[in-house]
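Peer 1: Here's the feature list from Swiss-Prot:
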type	residues	note
ACT_SITE	ASP123	active site
ACT_SITE	ASP141	active site
TRANSMEM	12-32	transmembrane segment
TRANSMEM	70-90	transmembrane segment
TRANSMEM	102-122	transmembrane segment
TRANSMEM	137-157	transmembrane segment
Amino acid sequence: MSQSICSTGLRWLWLVVVVLIIDLGSKYLILQNFALGDTVPLFPSLNLHYARNYGAAFSFLADSGGWQRWFFAGIAIGISVILVVMMYRSKATQKLNNIAYALIIGGALGNLFDRLWHGFVVDMIDFYVGDWHFATFNLADTAICVGAALIVLEGFLPSKAKKQ
């Protein structure tokens with residue numbers, strides 16, 4: 001039986017486009033205005049800092065010889081396809097899950113674009129306290145983490161709230 005795309009979770013794919021535009025736009029601005037390693041303080045404990053990540057989160061496998069570029073690209077494609085299928089199978093009214101899936105897809109595709117186009121992921125957000133700096137990250141990473149947090153949150157909600 002065929003169903004209208006608007007009645008499925010695919011109705012939320014617009015959010016993927018929004019995440020991609022914001023993520024790729026921010027990376028473009030960094031690439032056009034920063035040299036590698038440049039830092040600009042924004043607020044206490046927050047800098048813009050241009051870094052290249054050849055690995056995954058926390059530069060995992062960054063110095064592994066190049067194969068990891070294709071490995072992480074494959075993971076991003078696989079997860080995106082799985083989440084699109086899950087969105088298709090869910091109802092548009094299941095907002096929390098569909099928003100979470102769209103955020104994760106948008107973030108995964110933003111970093112996938114970087115890997116395929118540049119050979120690395122552009123990172124620029126440097127959060128720090130005193131001399132301690134968290135791993136530099138980007139808006140795609142933020143979207144993925146917020147999406148994952150929403151999925152966890154959804155698991156704690158009562159059944160009635162999950163259906164909406």
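Just so you know, glycine gets a Cβ as well, placed from its N, Cα and C.
Help me see these features in their spatial surroundings.
Peer 2: In sequence order, HIS49, TYR50, ALA51, ARG52, ASN53, THR136, PHE137, ASN138, ASP141 make up the list of same-chain residues 6 or more apart from ASP123 (active site) whose Cβ falls under 8 Å from its Cβ. Reduced to three states, the DSSP call for ASP123 (active site) is strand.
For ASP141 (active site), the count of additional Cβ atoms within 10 Å of its Cβ stands at 21 [all protein chains shown]. DSSP assigns ASP141 (active site) to a helix.
Remote same-chain residues near the transmembrane segment (70-90) are listed as 8-10, 12-13, 55-56, 61, 97-98, 101-102, 104-105, 108-109, 111-112, 115-116 (criterion: CB distance under 8 Å, separation of at least six residues from the stretch ends).
Here the transmembrane segment (102-122) has Cβ contacts under 8 Å with residues 12-20, 23-24, 27, 30-31, 50-54, 69, 72-73, 76-77, 79-80, 83-84, 87, 138-144, 146-148, 150 of the same chain, all six or more residues outside its ends.
Within the chain, the transmembrane segment (137-157) has long-range Cβ neighbours (under 8 A, six or more residues past its boundaries) at 19, 22-23, 26-27, 57, 96-97, 99-104, 106-108, 110-111, 114, 121-125.
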